[in-house]
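**Q** Pulled these features from TrEMBL for this protein:
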ACT_SITE  ASP281  active site, proton acceptor
BINDING   GLY51, LYS52, GLY53, ALA54, ASN55, GLU144, ASP281  substrate binding site
BINDING   ASP275, THR277, CYS318, LYS321, GLY323, SER327  K(+) binding site
DOMAIN    36-329  domain 'Carbohydrate kinase PfkB'
Amino acid sequence: MPGPRCLVRGSMNVDEFFQGKRQALRKFKLKEIVRPGETISSENLVKRPGGKGANQAGALARAGAIVDLVGAVGHDAVWVRDQLRDTGISVENVSIVEENTGRALIQVNEAGENSIILYKGANYASIPPYEIHPDTTHAVFQNEIPLSSTIECLLRASSSHISTIFNPSPLPSVEELKTFPWKQLTWLIVNSGEALDLCKALSLEVAQDLDASTSAVNNAKPLLSALSSHMPTTNVVCTLGADGVLVQFVPEGDMSNSATPISFPAAKLHGTIRDTTGAGDCFTGYMVAGLMRLHGQNITDRDYDAVFKMAIQAAGMCVEKRGALASVPLLAEVEARLKSA
């Protein structure tokens, strides 16, 4: 019997990696991000599939999910579609358009922190109508395509009782955020900066001022409470990097009976942080894949605990390697790491 499927309506880019002299995959061999007026040499150029839509679809596939990607590339990079197909993603609804494929130019410093310049390209092109597979249980969205396209697909999914997941990165404009159909959203995934900006854009009253002397978790809790009050039918997830993940559940079931956000600690790394570029997309893909495995079940606190531990562990393993999609671990690798912990 066919299993649940996930629809990803999102971006597809060519990620351009510049190789440095001493390390095989330095996007830039930098101590710091390139400064204005500075020129840096590289020895080689590697191009790989990228874009938040493609990265999250790839993470879902590596986490064992059946995933359909809807998006567009140009004639200049049909290989992006083909390589994504090779990772196990269904690309039947990936259109080939006249516009050039989207691009991402990524800089990474020695601490693994990144800075990204995006060219939207084919991600903003018109694509033909597409059908949502009847076995689809979850739909994932980001913000590297026109927001109108995201909302159109989200409303279609919601009306079909499909769980909807939105990772609004980069954050839409204030006016777009004010008119977004939050009531149709099942899960919202943001980082702490996005949570703060979202609260400001929606003019939400936060219970306490942020305090630089307190922990990231304690600073994020009032933000999630404010967002949850504005969107009471949406589960809100806030990623906090080295401080783990904070989740405000919709009140139902065991764990989600609490009105207080639940904190999940970060994974313990087996090496240094090499590159954080794909960590957020890896987390999203593994989180949604975990939720898909629970579809149709009476979900308990232990179930949610397992989903988030798995997603956090996968993201932790992701930052130990260089690259975006290339650094996402396979499900068996994550399971083995959890067993050895």
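Glycine is no exception: its Cβ is also placed from the backbone N, Cα and C atoms.
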**Q** Cα-Cα separation of SER327 (K(+) binding site) and ASN55 (substrate binding site), in Å?
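**A** Here the two Cα atoms are 10 Å apart.
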**Q** For substrate, what surrounds GLY51, LYS52, GLY53, ALA54, ASN55, GLU144, ASP281 with a Cβ no more than 8 Å from their Cβ centroid?
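**A** Those within range, site residues removed, are GLY10, SER11, MET12, ASN13, GLY50, GLN56, ALA57, GLN142.
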**Q** Taking the Cα atoms as reference points, how far is ASN55 (substrate binding site) from the residue listed as 'active site, proton acceptor' in Å?
**A** 6
**Q** If you measure from the CA of ALA54 (substrate binding site) out to 10 Å, which recorded positions from the list ASP275, THR277, ASP281, LYS321, GLY323 are inside that radius?
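**A** Near ALA54 (substrate binding site), where near means Cα within 10 Å, the recorded positions are ASP281.
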**Q** Cβ within 8 angstroms of the Cβ centroid of ASP275, THR277, CYS318, LYS321, GLY323, SER327: which residues besides those meet this for the K(+) site?
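**A** Sorted by sequence, the hits are ARG274, THR276, GLY278, ALA279, VAL319, GLU320, ARG322, ALA324, ALA326, VAL328.
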**Q** Please give the maximum pairwise Cα distance, in Å and rounded to a whole number, for the substrate-binding set GLY51, LYS52, GLY53, ALA54, ASN55, GLU144, ASP281.
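**A** If we measure all Cα pairs in GLY51, LYS52, GLY53, ALA54, ASN55, GLU144, ASP281, the largest is 13 Å.
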**Q** Tell me the Cβ contacts of ASP281 (active site, proton acceptor) under 8 Å, same chain only and six or more apart in sequence, or just say none.
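**A** Spatial neighbours, sequence-distant, of ASP281 (active site, proton acceptor): LYS52, ASN55, GLN56, ALA59, ASN167, ALA324, LEU325, VAL328.
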**Q** For CYS318 (K(+) binding site), which residues in the same chain are close in space, meaning a Cβ under 8 Å from its Cβ, but six or more apart along the sequence?
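**A** Counting only residues 6 or more apart in sequence, the Cβ neighbours of CYS318 (K(+) binding site) under 8 Å are GLY278, ALA279, CYS282, SER327, VAL328, PRO329.
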**Q** If I take the Cα of ASP275 (K(+) binding site) as reference, which of the binding-site residues GLY51, GLY53, GLU144 has the closest Cα?
**A** GLY51
**Q** To the nearest whole angstrom, state the Cα distance for the pair GLY51 (substrate binding site) and THR277 (K(+) binding site).
**A** 11
